[in-house]
Amino acid sequence: MSKLSTSSSEIDLDRPNIEDYLPSGSIQEPRGKLRLRDLLDISPTLTEAAGAIVDDSFTRCFKSIPPEPWNWNVYLFPLWCLGVVVRYGFLFPLRVLVLTIGWIIFLSCYFPVHTLLKGNDKLRKKLERGLVELICSFFVASWTGVIKYHGPRPSMRPRQVFVTNHTSMIDFIVLEQMTAFAVIMQKHPGWVGLLQSTILESLGCIWFNRSESKDRGIVARKLREHVEGADNNPLLIFPEGTCVNNHYSVMFKKGAFELGCTVCPIAIKYNKIFVDAFWNSRKQSFTTHLLQLMTSWTVVCDVWYLEPQNLKPGETPIEFAERVRDIISVRAGLKKVPWDGYLKYSRPSPKHRERKQESFAESVLRRLEEK
């Protein structure tokens, strides 16, 4: 109960005090006149709506916070111009060369291994894992990435699943260069989708489409089959279901927490001093996002492999998910908010709207009876 009260207090702190934003005249009106404060007191629904207008904590989870400008005077502006020349004229071509060499090495080794060693699955899978880790290392090198890993490296064991907060698709690359995970991910179009259906398919990755409701049952079945296999790659899940800006943590989906296996939390925190690693898929393609990283100075990131967790007696999967979210949020310094990340892609359900309408109607009727 103490944990629940702590979580609710954190949520309350994140909510704005509406009275702070009301004009003084709306609070101290003469007797007999309708005050704005009275209007807000009619229903919590109106208070929530006013709070959303003043300070929308949901939208803030998916906004990139721009850095403070520092090239504002005659002394700093030449240095900024020099930095632009170095980043775009020297570092970017060098990084493109590094990534090109990486792809040449990877493709010249991967396809012969994948086709010629089909009779020896154990050796083929081992080499494929190593090659995927290699190409991910080249990707990190193309950003001049400075990645610090804390804690023991994940190992291949049955009945375990890894979960982490989600900022960008590069989360997968950052983790994959250390351990070849099988990941659950949204099916993407373009060259990313081509990689998903060819190279990453060999790792046992599971793809889905948010718009297809039948995919949920298929994914749940594949999840259970994968965690039971002793020789399968460690399974990585992003339970938030969408990219969040690395300042907040939205609700975790319960699918990873009702498999009856050990859950291993991973916390990822990016340092925004050089570049914001958050990927807003609604505003830019992943290719544009990669170019942004490759034209920055560096990508700085910390990764913590945290203590494995198991479902406690009497604990529901939803409570288990919230407990793991607490652990990750504290370690990565993220602020918890009570939002479902899928609302980013869809409208609230009709049932939810009907419940809000009924609550509002009951509040108005109760207020009228009191008058």
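Note: Cβ is positioned from N, Cα and C throughout, glycine not excepted.
According to TrEMBL, the compositional bias 'Polar residues' annotation covers 1-10.
Taken from TrEMBL, the feature region 'Disordered' applies to 1-26 (among others).
The transmembrane segment annotation in TrEMBL covers 72-90 (among others).
Summarising the annotation, TrEMBL assigns transmembrane segment to 96-117 (among others). Packing against the transmembrane segment (96-117) from elsewhere in the chain are residues 123-124, 127-128, 131, 134-135, 137-139, 141-142, 199, 202, 294: each is 6 or more residues past its ends and has a CB under 8 Å from a CB in it.
If you look up TrEMBL, you'll see 129-149 (among others) marked as transmembrane segment. Sequence-distant contacts of the transmembrane segment (129-149), counting only residues of its own chain at least 6 positions beyond either end whose CB sits under 8 Å from a CB of the stretch, comprise 91, 95-96, 98-99, 101-103, 105-106, 109-110, 113, 170, 173-174, 176-180, 199-200, 203, 233, 293-294, 296-303, 305.
Broken down by DSSP into helix, strand and coil, the domain 'Phospholipid/glycerol acyltransferase' (160-271) contains 36 helix, 28 strand, 48 coil. Per TrEMBL, domain 'Phospholipid/glycerol acyltransferase' is recorded for 160-271.
Marked as region 'Disordered' by TrEMBL: 346-371 (among others).
Under the heading compositional bias 'Basic and acidic residues', TrEMBL lists 355-371.
Long-range contacts of the transmembrane segment (72-90) within its own chain (CB-CB distance under 8 A, at least 6 residues past either end) are made by residues 295-297.
The average pLDDT computed over the domain 'Phospholipid/glycerol acyltransferase' (160-271) stands at 84.
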